[in-house]
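The structure appears right after this line, and notes come after that.
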């Protein structure tokens with residue numbers, strides 16, 4: 001019985017690649033130094049899988065930045081602005097495409113399906129010339145072979161590559177990207193020929209777009225592509241790998257009818273209906289099924305007994321020698337190795353498996369199917385599963401009851417938004433076009449040092465409070481000097497907008513090295529939600545009250561919303577996600593009510609990640625949006641009309657969920673908008689009625705560039721063309737945490753000046 005891993009984390013157990021990349025980008029190390037770190041990482045990963053007994057070990061899943069960018073490099077699809085003149089693509093061109101350089105901007109980055117990983121979006125058009133320009137896939141196959149490891153080279157499939165691309169600047173938005181199929185397939189044929197010549201016997205094409213809602217034209221492209229590649233692929237075993245959702249019946253039909261394909265990989269964790277499809281529609285005889293039964297997107301130990309039952313039912317359909325045990329997707333979406341978690345509670349640790357442990361699980365399942373079951377390993381796993389099911393740390397009956405009572409009720413504030421805004425204005429007395437910021441202010445080296453030393457118990461609580469108090473006082477003073485209307489305390493006490501709350505809620509655990517790649521060298525360390533969530537004590541009230549006592553202007557209380565906490569964590573898999581979300585919402589509700597009782601009149605509940613959690617298939621959108629929006633409303637349904645509830649959302653694509661945003665019933669919403677002005681404003685231009693306050697970001701905080709007063713005023717005027725004067729707010733598009741004060745002060749000065757300039761113009765026009 002064979003085993004397979006779809007892909008593996010690239011960063012290394014201690015983020016070795018991250019530090020090597022950043023050192024190279026900063027000019028502190030050479031290309032050779034970077035390549036040495038990468039070579040060592042690849043070798044250790046291949047050795048680890050070979051030692052674990054994995055039969056089908058992937059190669060070319062390593063990347064210096066992103067696998068879609070690697071594919072663009074392989075195809076020589078370099079946008080003109082990078083002045084590439086041909087030949088093998090080196091680091092200079094590659095990293096310019098990923099990150100931009102002094103003279104040209106980077107390519108766009110967007111989320112990889114519904115994960116928290118981001119890929120570089122290829123820019124294509126009718127004049128894009130393709131040529132074989134990066135031999136990475138072949139080189140890495142040969143590299144592994146020289147180490148005595150025969151691997152399965154992995155390529156992003158040609159159809160998914162095109163479907164994930166976008167028309168380049170200046171190309172019609174309606175340009176048919178799939179029309180380029182005949183132009184890219186010759187390059188794929190060259191790569192395949194080289195891999196065959198190097199001795200490859202298997203090849204894996206990742207075609208995850210097969211799980212999306214595809215039309216007949218798009219499905220026909222799959223048939224056309226793999227029919228065209230048929231002769232090039234002859235003599236090779238070909239695996240088409242899909243992941244992240246159920247495969248629709250039509251896509252399954254298309255996929256299983258491809259002659260050139262030997263094997264199909266399915267995600268059986270997020271794709272439970274695919275199991276039914278295999279059973280009802282049948283499976284082509286003589287073909288391999290790579291069954292993704294070990295979750296590549298979470299950190300929970302697999303329930304081996306349950307997986308074995310699933311595999312045995314599949315074995316009866318596809319045959320013993322044609323079933324391969326696999327992961328549901330690449331393991332790059334989970335943490336690297338549990339061995340590095342020396343401080344994690346031992347009971348919780350027994351419930352977990354990171355990438356290295358999942359490799360062992362896959363092999364244990366394959367051996368069990370082959371009649372070589374490791375009884376001790378399975379018994380330990382069963383004991384851990386039982387402990388997790390019965391542990392009193394997981395279940396809090398009071399929380400369970402409170403969350404169950406939420407179902408079926410609506411949780412809306414009693415008064416409509418226009419009446420609430422009137423009541424709030426009487427109390428807050430804000431000018432037209434009120435100014436505010438999103439929450440965080442720059443986090444200096446000194447500030448990070450204070451937090452680090454307090455955590456390590458190197459400074460006392462008194463010293464810590466004194467240092468944070470001083471920082472808040474500085475931030476309040478700056479905002480008053482700038483004449484901002486609604487202030488923030490700057491969040492100097494917070495390391496991360498999710499971790500800060502998770503550390504104070506029950507049901508959360510934290511890792512020391514549970515890093516997951518987000519994009520390029522950037523990694524995130526998601527908290528683990530292992531049990532019922534509750535709030536033992538107030539979390540932010542002390543700091544918010546302190547900040548409000550320093551000013552007569554309104555001070556915003558700052559909270560992270562339940563959907564964002566959920567979407568940016570590793571979530572328990574023993575109950576539906578919405579139940580966990582409702583529990584978090586109830587905890588945040590208590591905090592909102594305590595802030596209000598403490599005299600905080602404006603409370604912001606960030607839902608930066610609400611859009612991110614949207615399922616891949618349209619049929620599932622309504623259910624998700626219903627519970628996500630309901631969770632937000634739960635947090636603030638009990639406040640008075642005079643308390644103003646703000647929310648903040650990130651990323652651009654709101655047009656398809658605008659009605660859900662309105663349904664959140666916030667008093668004011670601020671939106672990250674500066675990179676996609678027209679996209680957002682077009683919604684309102686098309687007649688969507690929005691009655692609450694709204695603050696589309698007037699400048700991009702992700703850039704060090706300082707916008708002029710005129711530029712911001714021009715942007716505000718464009719907004720006023722489609723939005724009422726009395727609902728528009730003026731604010732940056734995101735928090736200022738990553739910027740420096742010498743960038744923040746002039747940018748905010750110009751922002752306030754622009755608001756005042758337009759107020760004057762509006763007053764004189766009356």
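Each Cβ is built from the backbone N, Cα and C atoms, and glycine gets one as well.
From the candidate list 51, 496, 594, the residue Swiss-Prot records in the 5-methyltetrahydropteroyltri-L-glutamate site shared with 18, 116, 519, 522, 523, 568 is 496.
Swiss-Prot annotates 648, 650, 672 as Zn(2+) 1-binding residues; of 637, 734, the candidate listed for that same site is 734. The annotation in Swiss-Prot ties 438, 439, 440, 606 to L-homocysteine, and of the candidates under consideration, 397, 491, 493, 499, the one tied to the same site is 491. Within the same chain, the residues at least 6 positions away from residue 491 (L-homocysteine binding site) whose Cβ sits under 8 Å from its Cβ are 439, 440, 441, 558, 735, 737, listed in sequence order.
Note: the Cα of residue 116 (5-methyltetrahydropteroyltri-L-glutamate binding site) and the Cα of residue 659 (Zn(2+) 2 binding site) are spaced 24 Å from each other. Cα to Cα, residue 496 (5-methyltetrahydropteroyltri-L-glutamate binding site) and residue 734 (Zn(2+) 1 binding site) are separated by 14 Å.
Candidate binding-site residues: 438, 672, 734. Nearest to residue 523 (5-methyltetrahydropteroyltri-L-glutamate binding site) by Cα distance: 734.
Residue 438 (L-homocysteine binding site) has a Cβ environment of 25 other Cβ atoms inside 10 Å. If you take the CA of residue 438 (L-homocysteine binding site) and look 10 A around it, the binding-site residues you hit from 18, 648, 659, 734 are 648, 734.
A separation of roughly 30 Å, to the nearest angstrom, links the Cα atoms of residue 519 (5-methyltetrahydropteroyltri-L-glutamate binding site) and residue 659 (Zn(2+) 2 binding site).
Within 8 A of the CB centroid of the L-methionine site residues 438, 439, 440, 491, 606, the other residues of that chain are 437, 488, 497, 558, 604, 648, 735, 737.
Put simply, residue 648 (Zn(2+) 1 binding site) is 23 Å from residue 522 (5-methyltetrahydropteroyltri-L-glutamate binding site) when counted between their Cα atoms. Closest to residue 702 (active site, proton donor) by Cα-Cα distance, out of the binding-site residues 568, 648, 659, 672, 734, is 734.
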